[in-house]
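Novice: Straight out of TrEMBL:
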DOMAIN    164-229  domain 'Polysaccharide export protein N-terminal'
DOMAIN    253-297  domain 'Soluble ligand binding'
DOMAIN    336-386  domain 'Soluble ligand binding'
DOMAIN    418-497  domain 'SLBB'
DOMAIN    508-558  domain 'Soluble ligand binding'
DOMAIN    604-650  domain 'Soluble ligand binding'
COILED    657-703  coiled coil
TRANSMEM  861-878  transmembrane segment
Amino acid sequence: MSTGTQMLISISFQKLRIFILAFLMNVAGLSYGQSLQDIQNVKVDELSDAQIEQLIRRAESSGMSEMQLEAMARERGMPPAEIRKLTQRIQMLRSGNAEGIKARKNQGQTQRQVIENGVNQNDVFDSLRQADPYYDLSPKQKKIFGFTLFHNKELNFNPNLNLPTPDNYILGTGDQLLVDVFGASQQSLDLTVSPEGTVFIPNIGPINVGGATIQAVRSRLKNSLQQIYSGLGGPNPNTFLQIRVGNIRSIQVTMAGELRIPGSYTMPSFANVFNALYQAGGPNENGSFRNIQVYRDNSLVGEVDIYAFLVEGSQDGNIILQDNDVVIVPPARTRVELEGPVRRPGIFEIKPGESVEDLISFAGGFNSNAYRELLTVRRTTEQEMRVDNVFSRDFDTFAIKDGDFFIVDSILERYENRAQVSGAVFRPGEFAIEEGMSLEELLRMAGGLRGDAFTERVSLYRTNPDFTMGIITINLRAILAGEEADIPLKREDILHVPSIYDLKEEYYVQISGEINRTGVYQYAEKMTVGDLIAKAKGFKESATSANIEIARRVKGNVEGDIAQIINISIDPDLKISEEEKNINLQPFDHVFVRQSPGFQREKVVEVEGEVFYPGEYALEKRDERISDVLNRAGGLNQFAYPKGATLIRRTEFFETKEEEELKLDQLESLLKNMEREDNVENTESEKELIKRLEARVALLKEERMKNETGTAGQEMESFSEDRYQFLEGADSSVMEIATRDKELIGIELDKILQKPGSKYDIILQEGDIISIPKELQTVRMRGEVLYPTTARYDEARSFRNYISRAGGFTERARKSRSYVVYANGDVKRTNSLLFFSFFPKLEPGAEIIVPRKPEREPMSVQAWIGMASSLATLVILIDRVRR
């Protein structure tokens with residue numbers, strides 16, 4: 001980085017504007033005498049980093065003050081957007097990110113995207129400008145009506161050069177005049193207005209057009225060309241004339257007065273006053289928007305009122321400028337401020353003769369919530385402030401003074417004729433009341449009382465003069481019956497008619513047990529048990545209708561009874577019976593439907609392995625045993641190994657599906673199987689069944705979501721928690737075994753087959769699995785042996801022989817606690833007598849387990865000291881006894 005850039009680091013951000021303004025004089029080789037349009041057309045994105053660094057060096061040696069540089073900037077008029085871009089470039093050079101700029105410039109991008117590791121101060125400003133296009137304006141400038149007109153990027157007042165030449169356009173020196181003759185004769189002429197104000201037509205000579213309008217010149221040329229083209233004249237012309245301006249000349253206009261960027265501007269001759277104001281940035285904070293004056297040859301030729309454009313869209317007075325015209329924006333004479341609920345609050349300029357009515361019109365009129373009868377005015381006198389009131393009748397006559405501050409108030413947030421009704425009426429809400437209106441009339445407007453209205457005690461809330469709330473308790477029944485006088489209403493009265501259901505507990509009945517949809521249901525008068533069961537979707541298959549129990553609340557009983565129990569039987573098909581009709585349900589009754597005593601759902605066990613017919617078997621009776629099921633499975637085949645047979649049984653940790661979940665699985669399976677795969681449409685009966693199945697599945701899913709765990713699940717969870725607490729602190733292996741969802745039960749299948757029904761023949765439970773393996777020929781060694789392995793079974797080999805096959809015991813082996821797990825799940829441990837160990841006998845499929853000795857912590861120094869002290873004490877005691 002150059003020396004100039006390094007020096008820039010020490011310059012504060014506030015001084016950065018000096019360098020930016022210095023750019024207007026020095027960058028890109030522009031001289032002071034170049035035109036304003038050259039400065040305005042400079043694109044910062046097209047400048048190199050070397051030019052920016054040159055700017056910095058020249059600024060340091062310029063010796064110009066900031067005020068002088070700002071004055072020169074106003075004369076030359078560099079757009080504010082380009083100044084912001086230049087600021088970003090300098091900041092990026094300071095942070096060493098110029099490479100990113102070069103890359104984007106080479107890609108031809110004209111819009112700079114500042115990319116930095118940190119947060120650039122200008123990035124923050126640009127984001128604020130995007131959120132608020134008038135971010136650069138002061139709060140007062142934003143209030144001035146019309147000030148943002150010349151700061152709106154979406155509104156461009158540059159002259160449109162593609163429009164037809166207006167008839168009032170005045171020709172001047174340098175204008176190109178294109179003349180077309182067409183019809184019976186054809187001719188095109190390209191004429192240029194000379195410094196003398198004439199154009200030269202061959203065969204005719206010079207014609208004076210300078211200072212004349214296009215309309216006047218058209219008439220002059222037509223009269224002159226008739227000498228050559230006679231068809232241009234006469235009652236029936238056959239030749240026609242058209243003229244237009246080609247190249248537009250430039251004019252010089254001086255912008256003076258209260259402008260943001262006063263100076264001399266070069267612009268097209270089509271430019272009008274608005275175009276010139278836009279180039280000069282519009283009036284400044286003190287400038288007039290209503291008395292902009294145009295001088296030509298030292299004479300006032302017109303005045304422009306921007307309010308006419310802002311309020312009515314009119315451009316009357318927006319005259320086309322001529323060369324050397326002077327546009328002066330004088331200071332605003334009378335400015336007032338208007339705030340409050342109007343469409344456009346702000347600061348407005350008032351001309352002599354205009355009234356408060358005009359001021360409100362400039363502000364777009366009152367909002368809907370404005371108080372229009374009275375305005376408050378704060379004004380300054382010669383010595384102090386004062387407040388005046390302007391009534392609506394005086395809006396046209398009140399004399400406005402400079403600096404007046406008008407305040408429009410809002411209407412009061414109160415109702416002059418409102419009464420409200422709530423509760424048990426057909427149309428609760430707000431109603432307009434008139435003088436003398438009564439309670440009964442208000443109820444008629446509210447649609448009358450509902451059937452559940454409680455009329456014995458109705459509350460009328462009334463606002464007192466001190467804004468406290470009072471309540472009047474009314475017997476509405478007596479008023480409506482004429483027994484008591486009606487009550488006249490007042491504004492802001494609130495009548496509340498309670499419902500009878502607001503004053504008592506909501507009635508319901510409950511049903512549980514063997515019902516398709518248990519739960520709580522709405523109570524209805526004369527409801528019977530059958531009605532409730534029908535509403536609960538009927539009996540389950542397991543239900544009995546002969547012993548239904550009703551639990552009814554006991555009221556006012558002091559003898560200790562909790563509930564009255566009523567037993568009833570009804571028709572299983574829910575046909576109406578006399579017994580049912582004689583017992584109606586009462587609110588809060590709880591109906592229990594019991595399971596039929598003889599009902600049993602099928603229970604399934606499984607036989608796997610070496611039998612003739614392995615698979616699932618339903619238990620035929622409650623006391624069915626292993627031998628019974630094996631007989632149904634065809635018995636053992638020739639490959640079976642009876643000594644290895646095991647029974648696998650679920651523990652309390654096995655997660656069984658609830659009845660509703662099983663039913664849901666069955667219905668979903670049925671629904672899936674109803675779908676045809678042969679492109680044949682379902683029959684009408686099948687379609688109806690599918691609808692019922694879909695409805696039932698949706699209902700069961702809803703119930704499952706509401707109640708993920710039923711009563712049985714909660715009991716099992718409680719039982720499991722008790723077991724976990726019991727096992728807490730146990731060895732991890734013990735914990736793992738104790739919490740398995742299934743467990744092996746050792747069985748002696750040989751004895752079962754020899755003596756069916758004996759104590760060895762276990763009664764089966766649901767989910768049991770009888771596993772019959774093939775004949776096993778191996779023995780496994782696990783635990784504290786040197787090389788855990790599996791060896792071929794040899795009847796001649798002993799326990800120690802197999803341990804030797806595994807490399808022998810490890811140093812940590814607890815030999816005396818070794819044990820054998822047989823193929824059927826039985827376990828036998830090693831027995832010890834004195835110094836002798838008697839190891840279990842091995843069979844095919846057995847597994848030898850050698851446990852590890854428990855870890856022993858070494859005795860600490862304190863323990864040894866304690867032991868020594870105890871021994872010393874013991875020796876002393878023995879010695880004393882001997883003496």
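Every residue, even glycine, has its Cβ placed from backbone N, Cα and C.
Each of the listed features needs to be described in terms of its position in the shown structure.
Specialist: Model confidence over the domain 'Polysaccharide export protein N-terminal' (164-229) is summarised by a mean pLDDT of 83.
For the domain 'Soluble ligand binding' (253-297), DSSP puts the residue distribution at 7 helix, 20 strand, 18 coil.
Residues in the domain 'Soluble ligand binding' (508-558) partition by DSSP class (helix H, G, I; strand E, B; coil) as 7 helix, 23 strand, 21 coil.
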Novice: When DSSP states are grouped into helix, strand and coil, how many residues of the domain 'SLBB' (418-497) land in each?
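Specialist: Output for the domain 'SLBB' (418-497) reads 12 helix, 32 strand, 36 coil.
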Novice: Go ahead and report the DSSP secondary structure tallies for the domain 'Soluble ligand binding' (604-650): helix first, then strand, then coil.
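Specialist: Its residues divide into 10 helix, 19 strand, 18 coil.
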Novice: Could you count the residues of the domain 'Soluble ligand binding' (336-386) that DSSP puts in helix, in strand and in coil?
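Specialist: Helix, strand and coil residues of the domain 'Soluble ligand binding' (336-386) number 7 helix, 23 strand, 21 coil.
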Novice: Give me the DSSP three-state residue breakdown of the domain 'Polysaccharide export protein N-terminal' (164-229), ordered helix, strand, coil.
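Specialist: Residue counts for the domain 'Polysaccharide export protein N-terminal' (164-229) by secondary structure: 12 helix, 24 strand, 30 coil.
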